[in-house]
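Trainee: Just lifted these from TrEMBL, have a look:
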| type | residues | note |
| --- | --- | --- |
| ACT_SITE | Cys520 | active site, nucleophile |
| BINDING | Gln390, Phe424, Glu445, Asp493 | S-adenosyl-L-methionine binding site |
| COMPBIAS | 59-78 | compositional bias 'Low complexity' |
| DOMAIN | 80-140 | domain 'TRAM' |
| REGION | 44-80 | region 'Disordered' |
Amino acid sequence: MAMEAAIVATMPAFQHLKRITFTPPYLLKLQKLQRFHSLASLSPNFTQEDPQRQRLEQEQQNQLTNNNTTSRSSSSTSYFPKRGQTLELVCESLAFKGKGVCKVAETGFVAMCDRALPGERFIGRVTRRKGSYAEVTKVETITPHWDLVDAPCEYAPYCGGCKTQNLSYESQLRAKEQQVRELTIHVGKFSDKVPEFCSIMKPIVPCDIQFHYRNKMEFSFGSKKWLPKELLGEKQVGNEKYALGLHAPGFFDKVLNVDKCLLQSEPANMVLAAIQDCWRDSQFGLTPYDVHSHTGFLKHLMLRTGRNVETGLLELMVNFVTSSYKPELLEPLVEKISAIPEVVSIMNNVNTSVGNTSVGEEEYTLYGKSTITEILRGLTFQISANSFFQTNTRQACEAEVLYKLIEDCAGLRGDGSQIVLDLFCGTGTIGLTLARRAKHVYGYEVVPQAISDAHRNAKLNRISNATFVQGDLNKIDESFGNNFPKPDIVISDPNRPGMHMKLIKFLIKLKAPRIVYVSCNPATCARDLDYLCHGVVCEREKYRRMLKLKSLQPVDMFPHTPHIECICLLELSDPCS
C-alpha cells in the first residue's frame, strides 16, 4: 500500500489538447490557496489552444505579480525562501492528498507540508521550491493542531497510509468535505453562488467503523529496512536488514517493517504476525527481492478477507508473490499459516518481471481453494487473488451505503425495460446488482481477469441479462457505440486518473438520460464534471453542454487516509439551454 509522495497528480495524456500550467496567485487568502493547490494538481495535457483557459492563465499570472510585489515591499523577510531554510509556519487547512496548506506568518508565503494538520504551528525546513510555493518537512511542533487525539497505531508517525490518525474523525470528515467542495467550485467550475448548489453538494457520509475495515492489504518484502532517525545509529547485519511491511513514503526501495495493521482484520494480522515470526530464519533459505540487483525470491504478501456464504464467518486468502516458482521454499510458511482456522486459500503468483507489480504471469494454489467469497446486496461474489473488489466491504455492502447510493442514483424503474452501460465494470459488482431491475447490462473493463470473474459471478448468481466485454476504454473509436443498444443509464467508475477525453466526448454525444459517475479521486472527478456539464472544444468541434449535475455525494470509505469516494448524478438537460 505504497502511498504517493508527489503532490502533482498524474493525468491521462489527452489528445488534441494543449498543456497549460496554472500559476497560482492565491498567496494571501486561504480559501483561494486551496483553489491553487487543486489547479496545480490538475494541469491536463493540451495540444489544441483553448482561449478561455489561456485568459485564465494570464489573469492568474498578472495577479501573482501584483501580490508578490505588494508582499515583498511590505516585509523585510525573504519572500521566496531557499532550499534548506527553516520557517515558522501555521497549517490552515488540508488540501488534496492530505498535505497541509501552510503559510509563513510574516510574508504569507505558501508551503505544503506532509503530516501538518489544521491549527498546528511548527518549524519546517524547505525541501523543494515549486514555482510560487514550497514543499517543507516538519522539524519541530510549536503548538499542536486542533482536535488532537492519540493515534492508536505505533506506525502512524512513519507509515504513509494513515496520515490523519491523530486528527479526530469529525475533523477528518470536515476536511474531506471541504476538499470536495473546493475542487467542485474551482476545478469543476460550478458556482456556489447559485441557489441549487446547496442541494447538489451533499454532506459527506461517514464510515461507521474507523479501523479493521479493509478487506485487502498488500505488504512488500524488502532487503532494506527503513528506520526512523532515532534508530539510524543501530547496526543491522544479515537478515536483520530484511523487512516485510509497507513502503516508506518517498522510497521505492525501503520498507517500513510492520507486525500488524489496524486497518485490516484480526485474522489477517494473525497471518502477518505468523509470517514475520519465521520468514527470516536462515534455515528456510528465503530472501526478499532486491529492486536494485533484481535478485531474491519474496516480492509481496497480499492478504484478502471474505466471508463464508453459509456461515457468515470470515475467511482469508494469503497470496505470496514471488520472482520464480519454488513451492518447496514456501512449504514452511504454508504449514504454519494454514493452521489458522480462517485461512482457506494460499496462493502463489509468480512475477518474473523487474517491475513492482503484485500481479503474476502464473498462479498456483498451494493450499485450499483458489477463491474466497463475499456477499453484496444479496448476491454472492467469488474473489480471486487478482480480482478488483471494493476494499471496504462493510461500508459498500453491509452498511448499505456505497452501492445503495449508486442504485438510488441509477433510478431504475424496475420493470425490466431499461439498458445499463457499466463502464470500468471490474468484476461486475455494480452491474450485477442492477441487473435484477434492468433489461440488460453491458459491462466493459480492460483487465481480462476481471472480465473472467464477472462472467463467473453472473453464472454463480444465475444472472443471464448481463454481458461483459474486455476492452480499453481509453482507446475507443467511432464504432464503440455500435456494440450495444443506446443505454438509459450509464455507470462510470474509472480509476484515479479519471476518464480519457475520447470517452468524455462519447458520453456527451451519447445523450444518455442519466449518468452515475463513481469516483475515487475528487480532483479528476471535478475536471471530468467540468467537461461533461460545461462542454469542451477540441479538433475544431464543439461538444456542447448536454448534461446537468444533479447531486454530488462524498462518501468516506477510508478513514485516517486522504482518499475520498464521490457519487455524482448527471441528467440530460435541455439541448437548447
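The backbone N, Cα and C atoms fix where each Cβ goes, glycine too.
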Trainee: Compute the average pLDDT of the predicted model within the domain 'TRAM' (80-140).
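Mentor: Overall, the domain 'TRAM' (80-140) comes to a mean pLDDT of 88.
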Trainee: Looking at S-adenosyl-L-methionine and its recorded binding residues Gln390, Phe424, Glu445, Asp493, figure out the farthest C-alpha pair and report it in angstrom, whole number.
Mentor: 15
Trainee: Counting only residues 6+ apart in the same chain, whose Cβ is under 8 Å from the Cβ of Glu445 (S-adenosyl-L-methionine binding site)?
Mentor: Phe424, Cys425, Gly426, Ile451, Ala454, Phe468, Val469, Gln470, Gly471
Trainee: What is the interatomic distance between the Cα atoms of Gln390 (S-adenosyl-L-methionine binding site) and Cys520 (active site, nucleophile), given in whole Å?
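Mentor: Per the Cα atoms, Gln390 (S-adenosyl-L-methionine binding site) and Cys520 (active site, nucleophile) stand 11 Å apart.
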Trainee: Compute the C-alpha separation of Cys520 (active site, nucleophile) from Asp493 (S-adenosyl-L-methionine binding site), stating it in Å without decimals.
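Mentor: Between the alpha carbons of Cys520 (active site, nucleophile) and Asp493 (S-adenosyl-L-methionine binding site) there are 8 Å.
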Trainee: Quick one: DSSP breakdown of the domain 'TRAM' (80-140) into helix, strand and coil?
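Mentor: Summed over the domain 'TRAM' (80-140), the classes give 3 helix, 36 strand, 22 coil.
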Trainee: Please report the number of other Cβ atoms within 10 Å of the Cβ of Phe424 (S-adenosyl-L-methionine binding site).
Mentor: 21
Trainee: Enumerate same-chain residues with a sequence separation of six or more from Asp493 (S-adenosyl-L-methionine binding site) and a Cβ-Cβ distance below 8 A; give 'none' if the list is empty.
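Mentor: Result: Leu423, Phe424, Cys425, Gly426, Ile430, Val518, Ser519.
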Trainee: Please report the number of other Cβ atoms within 10 Å of the Cβ of Gln390 (S-adenosyl-L-methionine binding site).
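Mentor: Around Gln390 (S-adenosyl-L-methionine binding site), other Cβ atoms within 10 Å: 22.
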Trainee: Hey, what's the Cβ neighbour count for Cys520 (active site, nucleophile) at 10 Å?
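Mentor: Step by step: centre on the Cβ of Cys520 (active site, nucleophile), count other Cβ atoms within 10 Å, giving 18.
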